[in-house]
Amino acid sequence: MGIRIIIAGYRGKMGSTALSMAQNEEDFEVVALLDPNAKEKEFQGIPVYNLKEDLKTIDAEVWVDFTHPEVAFENTHFAIEQGFAPVVGTTGFTSKEIENLIQLSSDKNIGGLIAPNFAIGALLLMEFAERAAKYFPNVEIIELHHDQKKDAPSGTALKTAEVISKERQEITQGHPDEVESLPGARGANYQGMHIHSVRLPGLVAHQEVLFGGPGEGLTLRHDSYDRQSFMQGVKIGIREVVKRNQLVYGLEKLL
């Protein structure tokens, strides 16, 4: 018997990709699916539920969540309370919510993962950006996603800004007296760094980190052209959280 998995949001693009992946792994067993709008009672032989409360009696080890920002915290809290180790790709968590979930998981002795990005290339981009920030404190982030993404900026962009801030000398990027003739033209501001969000049909998930210095520039870019790019990270998350006793934020903490 493999690792028993519940997938929340199985009808979405990421959830359906995760379901296909899990069905092709010998050590994974999908035991339940959750979607509040699903009309079918089972899908490909797997029981389907509309209410998470109905999953309390399910014998499962891992809760995979690709739902929506407005329900992600509640779902993850529920999963930990029920003893399901969460692997969450849904973004939009606040810092306080993450702290709350880490504490709850520690109290319950349950592993878990909230990952802004499951692509290995995106993790490397963040690592390289952190190293570069020591030498290039002038930096801006541009993240580009499909036009159905509900939160902005992306969790990956926020995580990138967080890791950069560990090494970066905090400065205000741009002219101190600059004026926006059109409000929002300079994007969001995170500790003096500007973050810009692009939403267009045809995109999947992309990010650029632009560094500037006297007479030179450095651009780091990662592109996910297909949602398959995230599945290696999801596999790692599922296999690792069952060995842990506390939730972590960021896939890199399980590598």
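Glycine is no exception: its Cβ is also placed from the backbone N, Cα and C atoms.
The NAD(+) binding site feature in Swiss-Prot is assigned to Gly9, Tyr10, Arg11, Gly12, Lys13, Met14, Gly89, Thr90, Thr91, Ala115, Pro116, Asn117, Phe118; the stated evidence is sequence analysis. Residues or ranges marked as active site, proton donor/acceptor in Swiss-Prot: His145. As annotated by Swiss-Prot, (S)-2,3,4,5-tetrahydrodipicolinate binding site applies to His146, Gly155, Thr156, with the evidence given as sequence analysis. Feature annotation from Swiss-Prot assigns active site, proton donor to Lys149; the stated evidence is sequence analysis.
On the structure: features taken from Swiss-Prot.
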residue : record                                          : Cβ neighbours (10 Å)
Gly9    : NAD(+) binding site                             : 25
Arg11   : NAD(+) binding site                             : 17
Gly89   : NAD(+) binding site                             : 25
Thr91   : NAD(+) binding site                             : 23
Pro116  : NAD(+) binding site                             : 23
Phe118  : NAD(+) binding site                             : 25
His145  : active site, proton donor/acceptor              : 22
His146  : (S)-2,3,4,5-tetrahydrodipicolinate binding site : 14
Lys149  : active site, proton donor                       : 17
Thr156  : (S)-2,3,4,5-tetrahydrodipicolinate binding site : 26
**Fill in**
Gly155 ((S)-2,3,4,5-tetrahydrodipicolinate binding site) sits from Gly89 (NAD(+) binding site) (Cα to Cα, rounded, in Å) at a distance of 9
**Gly155 ((S)-2,3,4,5-tetrahydrodipicolinate binding site) and Thr91 (NAD(+) binding site), Cα-Cα, nearest whole angstrom** = 6
**Asked** Should Phe118 (NAD(+) binding site) be counted as helix, strand, or coil on the basis of DSSP?
**Response** coil
**Request:** Starting from the Cβ centroid of His146, Gly155, Thr156, the recorded (S)-2,3,4,5-tetrahydrodipicolinate site, name every other residue in that chain with its Cβ within 8 Å, sequence order please.
**Result:** Thr91, Pro116, Asn117, Glu143, His145, Lys149, Asp151, Ser154, Ala157, Ala205, Gln207
**Complete:** With neighbours defined as other CB atoms within 10 A, the best-packed of the binding-site residues Lys13, Gly155 is Gly155
**Message:** Measuring Cα to Cα, how many Å separate His146 ((S)-2,3,4,5-tetrahydrodipicolinate binding site) from Gly9 (NAD(+) binding site)?
**Reply:** 18
**Asked** Rounded to an integer, what is the Cα-Cα distance in Å between Arg11 (NAD(+) binding site) and Gly155 ((S)-2,3,4,5-tetrahydrodipicolinate binding site)?
**Response** 21
**Prompt:** Reported as an integer number of Å, what is the Cα distance between His145 (active site, proton donor/acceptor) and Phe118 (NAD(+) binding site)?
**Reply:** 15
**Asked** Nearest to Gly155 ((S)-2,3,4,5-tetrahydrodipicolinate binding site) by Cα distance: which of the recorded positions Lys13, Pro116, Phe118, Lys149 is it?
**Response** Pro116
**Message:** For the residue listed as 'active site, proton donor/acceptor', which of the three DSSP-derived states applies: helix, strand, or coil?
**Reply:** strand
**Request:** Would you mind reading off the Cα separation of Pro116 (NAD(+) binding site) from Lys149 (active site, proton donor), to the nearest angstrom?
**Result:** 13
**Prompt:** Restricting the comparison to the recorded positions Gly9, Lys13, Phe118, Lys149, which residue's C-alpha is spatially nearest the C-alpha of Thr156 ((S)-2,3,4,5-tetrahydrodipicolinate binding site)?
**Reply:** Phe118
